[in-house]
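Engineer: Attaching a single structure in structure tokens format; questions to follow.
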Amino acid sequence: MANGGGGGGGSSGGGGGGGGSSLRMSSNIHANHLSLDASSSSSSSSSSSSSSSSSSSSSSVHEPKMDALIIPVTMEVPCDSRGQRMWWAFLASSMVTFFGGLFIILLWRTLKYLWTVCCHCGGKTKEAQKINNGSSQADGTLKPVDEKEEAVAAEVGWMTSVKDWAGVMISAQTLTGRVLVVLVFALSIGALVIYFIDSSNPIESCQNFYKDFTLQIDMAFNVFFLLYFGLRFIAANDKLWFWLEVNSVVDFFTVPPVFVSVYLNRSWLGLRFLRALRLIQFSEILQFLNILKTSNSIKLVNLLSIFISTWLTAAGFIHLVENSGDPWENFQNNQALTYWECVYLLMVTMSTVGYGDVYAKTTLGRLFMVFFILGGLAMFASYVPEIIELIGNRKKYGGSYSAVSGRKHIVVCGHITLESVSNFLKDFLHKDRDDVNVEIVFLHNISPNLELEALFKRHFTQVEFYQGSVLNPHDLARVKIESADACLILANKYCADPDAEDASNIMRVISIKNYHPKIRIITQMLQYHNKAHLLNIPSWNWKEGDDAICLAELKLGFIAQSCLAQGLSTMLANLFSMRSFIKIEEDTWQKYYLEGVSNEMYTEYLSSAFVGLSFPTVCELCFVKLKLLMIAIEYKSANRESRILINPGNHLKIQEGTLGFFIASDAKEVKRAFFYCKACHDDITDPKRIKKCGCKRPKMSIYKRMRRACCFDCGRSERDCSCMSGRVRGNVDTLERAFPLSSVSVNDCSTSFRAFEDEQPSTLSPKKKQRNGGMRNSPNTSPKLMRHDPLLIPGNDQIDNMDSNVKKYDSTGMFHWCAPKEIEKVILTRSEAAMTVLSGHVVVCIFGDVSSALIGLRNLVMPLRASNFHYHELKHIVFVGSIEYLKREWETLHNFPKVSILPGTPLSRADLRAVNINLCDMCVILSANQNNIDDTSLQDKECILASLNIKSMQFDDSIGVLQANSQGFTPPGMDRSSPDNSPVHGMLRQPSITTGVNIPIITELVNDTNVQFLDQDDDDDPDTELYLTQPFACGTAFAVSVLDSLMSATYFNDNILTLIRTLVTGGATPELEALIAEENALRGGYSTPQTLANRDRCRVAQLALLDGPFADLGDGGCYGDLFCKALKTYNMLCFGIYRLRDAHLSTPSQCTKRYVITNPPYEFELVPTDLIFCLMQFDHNAGQSRASLSHSSHSSQSSSKKSSSVHSIPSTANRQNRPKSRESRDKQKYVQEERL
């Protein structure tokens, strides 16, 4: 045996030596791919089998030729010396495993079926015997089963528990199962990678398991696969179907050959490519890891995994057969192809290109290609287009926002269009703001069009867009809403259904607040009544910065203020809009208008140098020295509540850390109020030099601040001032311990400052700056802040109005109120309206029908019925329009006095003449049908036609004079019988209007470009921005688009919105909104000291310079002198001019149109025809002499043309002598009787 073995080895060795070069052949024929002839093949088979079973000599078989060796042989690897193929052994291991197991399963099922049938028959016989033998107990229960049955039940239970345990182990519902599934998939991919590495070696080769690292890793992987296969087998309910699964087949043809490789010390590449089929489970794995969440992504990964796994598997089969050859051809027709060349071949085959550079030579390969083309072509034609479609339809903006450290971001959603986004960005990123270190993230469910995408790219450093919906929590997480500084929701101002748009925005608020209750939300609302729904959201808190910008409320509020002071809507709109300064050299009206347009509203904390000074003093100092206009402050009351006080008067002293509201052209200019230091900047004349100084400002105690303020009031030095006695100081110490920042007790420290003030000129000396203009209080100011109780003021008409049985104001005391009236009682016919002889009233032309959306006329009427007007000062309001529409609005209007309705149409000149439109103080043109038209250029057709219709009307001058004289009404505070003794001066008496062009009109527009059709004498270009057009500058046109700037202004300073709403709504508060949300109407209330105190708040008015106490300044005087005089004498705060358009021209016949000049400089020259915008204090005594006259007539009109819109100022002497003489009262009574 030894010799034989040696001889065999020797011949083999000799063959190896002689054929050494043949083992490493050329690239055409691989050494292990040489084929044998038929006889040598059979000899090789018998020789290989005999050598593998024993070491006997091979004398009985023919030795193969040297060129017939197949497997490379080395001395280190114990392998078959003859180099014969053993592929059949590897394949046989897989086939035996598969078919053997299948046979066992089928045999088991057959035996189980037979056993079940037999036992079923036997069980029926046994059960029948038990019933016949009476085996049941007396109580009807069966006897206990025998011990054998208990053992069977226990055995079944044990098997079931093992099966359940195995199911839990492989289930993806548990953490262990998910980890195991992911691990199996990862190891399968690892085994596939090992296959890719081994594919560069021959198909079959000798390998030493102990030295081959890849074989060892592959062996470890397959041991794990075997264990996992066992778990799956145990957990499977149907073993047969489990055996035929794709994953099971993969294990059959990949796991057993590895063990054969270890036994035979040789490797066969074989069917290991089947591991690529595991890629089909890739989408499931990603779902387990919570990576794939959308249906499109799951579908895309499924298609890709199926396509790639099929492709790689087919390439592996072609690689096997082409490198091996056909068995019936003795493996002689093989060709050397790498695996990746086979991958390439399969791709060009599936795509039907077939370049021919690589093709199959073996019969098995070509046969496989025939069938693969049928399936592969179908798969390629269906899968590839679908994959491309899914990839193409993927959201371009579907990523997630990555927050930048140290940089805030806001989320903007809602109505995202090119117009809304461009308007928002233009104002938000304006250069006049300080460096805006805020990133804007837009979230919308529709991808942007090309224009909007280009806009985003232009602002790519500060703007990002993501496609999604705020109603989806996943999308909210993508934009990091929880870390956002605020969320802004834009509304579609031009939608056909405003209520539906508001409902959408409310749902957005609910979704955002539900995801993150602490996020600050600023949303636009179209309808005022829909704001009440926001109060139902538990996490909605306006005190924490949540704000709802109601466009209808503000739009109609602006228009209402224009009825009181024409042009105010333009001025206020320009103040909170960021406009760049446009310099014009020519001396035209546009030059002065644009200088005012560059002003905006800013806030800044006041310097400690202002602490203890009164508001008028600080206001004058800021205007004269700092070139700043301060109109309001944020005041902290004794109970630490913050309130915004507009021109509060000189009874209020500035506290430490007071926030001021300024009108300025740049945010840097407002810093002067914070940097101002009396010690360092008192002698500086150039405000630009006022910068932060280096001196340390000691914090004064409350006693020192009060003593300083006291000395300012009395005009003495602190050493000589005796106002602050020791007892007062002791009381102040107690007060300081209770309220460290409160300084209200300083209100009573001075009594003789009035005389001193009148004797001294206006300078910047602290002793001479302090002005005293009477006791005034803001609507939100606590009564504790008033110097005197308003009920104790001599001559106060509120004493007479304190009737506990009469309700004249609403429950908050902010608005005039009357008992609800039926609409029939206020309807006027055309003849009744003509006989009423209306004058000084407001005509509201409204277009609408029964199907039109409500515009909320209550928001127009409420500012005109504010309680800081006396009853006789209220302008009568006449609505001209469809009675069907007005009936729908009447529910919110029936509690307001002096309201009438003329059914008709604003296009009817007869209706307009019946309401004396030529004698009105203002004509308002509104339309509720604007959003029902698709063509934007036609949305304003009704308003434009009505405006042109009124302007083309002609009126008889004699008729107007007769009507004015027959009316017999006197303006507020003026007695016609004794004009010399009248306390009113400065009344602007204008001639009667003979043409409609001179009628004051304000027209609401939807489309900004339609403003070009209102004035025929202007030269505005159609592309001119709205604020640059003549109708807007003159205050005769208003568009809701100007309110877009409020979103940015509110974000940067939430107090701005409160200030604007206080100015334009007449005093609407969150408490009032909550009350209206409950009843949808104002509730009447009895007069109390608290509600009557709310009347004491300032209001916007226009001051005439043609006559009165300021007439001397009207002819060439300086605006700054007027500002200081009005402030110190009447506590009136001037902030703009309403000037004739051609005032700068020396033409005899000037145009009657006026334009707005905002915050002119100190040295600005005045002309006599100017009207001054001012914040006027409430006068308690102005309505005393008119109270009985005004309330005795329900429909009387108490102001002549322009008398109530152009206010006059009581003189100082007459303020001290309020009670009218008996002669004056008798003359008033005579006028009243004559009128009746």
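Glycine residues also receive a Cβ, built from the backbone N, Cα and C atoms like all the rest.
According to Swiss-Prot, the protein carries these features:
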- Glu439, Gln462, Glu464: Mg(2+) binding site (BINDING)
- Gln1012, Asp1015, Asp1018, Asp1020: Ca(2+) binding site (BINDING)
- 1-21: compositional bias 'Gly residues' (COMPBIAS)
- 39-60: compositional bias 'Low complexity' (COMPBIAS)
- 1186-1211: compositional bias 'Low complexity' (COMPBIAS)
- 407-549: domain 'RCK N-terminal 1' (DOMAIN)
- Cys118: S-palmitoyl cysteine (LIPID)
- Cys119: S-palmitoyl cysteine (LIPID)
- Cys121: S-palmitoyl cysteine (LIPID)
- Ser765: phosphoserine (MOD_RES)
- Ser778: phosphoserine (MOD_RES)
- Ser782: phosphoserine (MOD_RES)
- Ser978: phosphoserine (MOD_RES)
- Ser982: phosphoserine (MOD_RES)
- Ser1221: phosphoserine (MOD_RES)
- Ser1224: phosphoserine (MOD_RES)
- 677-681: region 'Heme-binding motif' (REGION)
- 1-86: topological domain 'Extracellular' (TOPO_DOM)
- 108-178: topological domain 'Cytoplasmic' (TOPO_DOM)
- 200-214: topological domain 'Extracellular' (TOPO_DOM)
- 236-239: topological domain 'Cytoplasmic' (TOPO_DOM)
- 261-264: topological domain 'Extracellular' (TOPO_DOM)
- 286-300: topological domain 'Cytoplasmic' (TOPO_DOM)
- 322-335: topological domain 'Extracellular' (TOPO_DOM)
- 359-367: topological domain 'Extracellular' (TOPO_DOM)
- 389-1236: topological domain 'Cytoplasmic' (TOPO_DOM)
Engineer: Find the one among the recorded positions Cys119, Gln1012, Asp1015 whose C-alpha lies closest to that of Glu464 (Mg(2+) binding site).
Structural biologist: Gln1012
Engineer: Show, in sequence order, which residues other than Glu439, Gln462, Glu464 on the same chain lie with their Cβ within 8 Å of the centre of the Cβ atoms of the Mg(2+) site.
Structural biologist: His409, Val438, Ile440, Val441, His459, Phe460, Thr461, Val463
Engineer: Is it possible to list how many residues within the topological domain 'Extracellular' (359-367) are helical, extended or coil according to DSSP?
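Structural biologist: Taking the topological domain 'Extracellular' (359-367) as a whole: 5 helix, 0 strand, 4 coil.
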Engineer: Taking only the recorded positions Cys118, Cys119, Gln462, which one has a CA atom nearest to the CA atom of Gln1012 (Ca(2+) binding site)?
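Structural biologist: For Gln1012 (Ca(2+) binding site), the spatially nearest of the recorded positions is Gln462.
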Engineer: Looking at the recorded positions listed here (Cys118, Cys119, Asp1015), whose Cα lies nearest to that of Gln462 (Mg(2+) binding site)?
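Structural biologist: That would be Asp1015, nearest by Cα distance.
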Engineer: When the topological domain 'Cytoplasmic' (236-239) is classified with DSSP, how many of its residues are helical, how many are strand and how many are coil?
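Structural biologist: DSSP classes over the topological domain 'Cytoplasmic' (236-239) add up to 1 helix, 0 strand, 3 coil.
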Engineer: What does DSSP give as the helix, strand and coil breakdown of the region 'Heme-binding motif' (677-681)?
Structural biologist: 4 helix, 0 strand, 1 coil
Engineer: Let me know the DSSP-derived helix, strand or coil state of Asp1015 (Ca(2+) binding site), please.
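Structural biologist: Assignment for Asp1015 (Ca(2+) binding site) reads coil.
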Engineer: Do any residues, 6 or more residues outside the topological domain 'Extracellular' (359-367), come within under 8 Å Cβ-to-Cβ of it, and if so which ones?
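Structural biologist: Result: 318, 321-322, 324-326, 329, 333-335, 345.
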Engineer: Quick check on the binding-site residues Gln462, Gln1012: which one has the highest count of other Cβ atoms within 10 Å of its Cβ?
Structural biologist: Gln1012
Engineer: Closest of the recorded positions to Glu439 (Mg(2+) binding site), Cα to Cα, picking from Cys118, Cys119, Asp1015?
Structural biologist: Asp1015
Engineer: Do you know offhand how many angstrom separate Cys118 (S-palmitoyl cysteine) and Asp1015 (Ca(2+) binding site) by C-alpha?
Structural biologist: 106
Engineer: Against which stretches of its own chain does the topological domain 'Cytoplasmic' (236-239) lie, if we need a Cβ under 8 Å and a gap of at least six residues from its ends?
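Structural biologist: Same-chain contacts beyond the flanks: 105.
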Engineer: Per DSSP, what is the residue tally for the topological domain 'Cytoplasmic' (286-300) in helix, strand and coil?
Structural biologist: 9 helix, 0 strand, 6 coil
